[in-house]
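Read through the structure below, which is laid out as structure tokens, and then see the notes.
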């Protein structure tokens, strides 16, 4: 009798073989069902409540999957590709998740019939290469229109509007698409997204939102004397500081031994003298607006008010950096080196009431490569979803500027790829023909889901789309507004080609990764569940 070999710790779970692979595919299907209905202009929203009872309303695939807190190891791959699509392109997160799920679903019968996963992986990689080559041929370049600025701008606005058509704010997409394009065109050639600030103010209507060509941030906490300061300056100089302008409290454990009251008075006077020296240096520099990352105390506030200077302490670091980028100057850590070369400048500074909040606005900045979107709206969740939608649209416009190629949306590209892959599969002998044919059918899931979400007869519309594409009308897709098919390129439903490329690559990679796993080993949880070590004490090594 052969002795039993114990290799893994007791309680370790491991599953392998075909049942394991089928189980992983089923887990991924469950994740995809959660976001399937959010696709397209008629997609539904999800209301997700987290552990702290914070409610989030969203139809952005990446946001939903982040909040779902998926624990299944294979299904986490699907969450990761949604996050990567969101980080890389900004939109198309639901598309990439849906495609990955459909690619897995398409090959499930072949796995059950005993086909080796690597045959499937090889066929998928071959089909992906063919699909990417076709995308390169299909896309329409827009870079040649730089000379015609108005035409170029219209192209960008169409891409932004397409990105917003599936969001909560789709009724205002024309209003916001102009704003988003303005915001992106304000940036320098590197297009850093953190230079576009988005501030949310509850109240008012969505159409009350506006773009500040410069910097705007919420008024910070201020001490007495603040109301005496002027609230509007023209052609002002701005000091950006990282200095604490208030009397420091004594350290708790500090000990100063003095022999007389005079000595104590000297210490107090020295503290005041240091503070007043700093304030005098700032005043002498000629700055009229003083912003600091650290607190500005009541003495300093009063001092500046007496000299018609404006000050704001505890300014968030990102807002201070954006002010520096817009107005010039440098963030100083000492008051001794303040001179004209390190001060920022702007044509107009004002403090304005927006809704229930006060905002500091810097406009007419000389080298403004930054801007701020101020969003108005009702409920907090609605404002947050608006911010997410605008973030997606901003990312899309950035990508369009960088990659300069667009394709038609609304399922048109997927139908054309499906037609091409079906024809391509017939040129290949053997099992791979079946797999590439299955992938071609899986690509039809996007237009099918657009129809289902809008309540249309998907079979009827897909048959008409197949007929149009067979006749060579490559840009025909689902017309969600009229329950019909239409030329989506003519209808200005455009998306950057990089969205589709990225989605195809990420979906195929995720499907191949899940198909290549044939065993899952799960280590047992540590016993007791509590932290390691002995029982708790009362601190400082004393037992309870």
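Every residue gets a Cβ built from N, Cα and C, even glycine.
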Annotated stretch (coiled coil, per TrEMBL) among the listed ranges 93-120, 121-148, 149-176, 177-204: 121-148
Annotated region 'Disordered' segment (source TrEMBL; candidates 501-522, 523-544): 523-544
PLDDT averaged over the residues of the coiled coil (121-148): 83
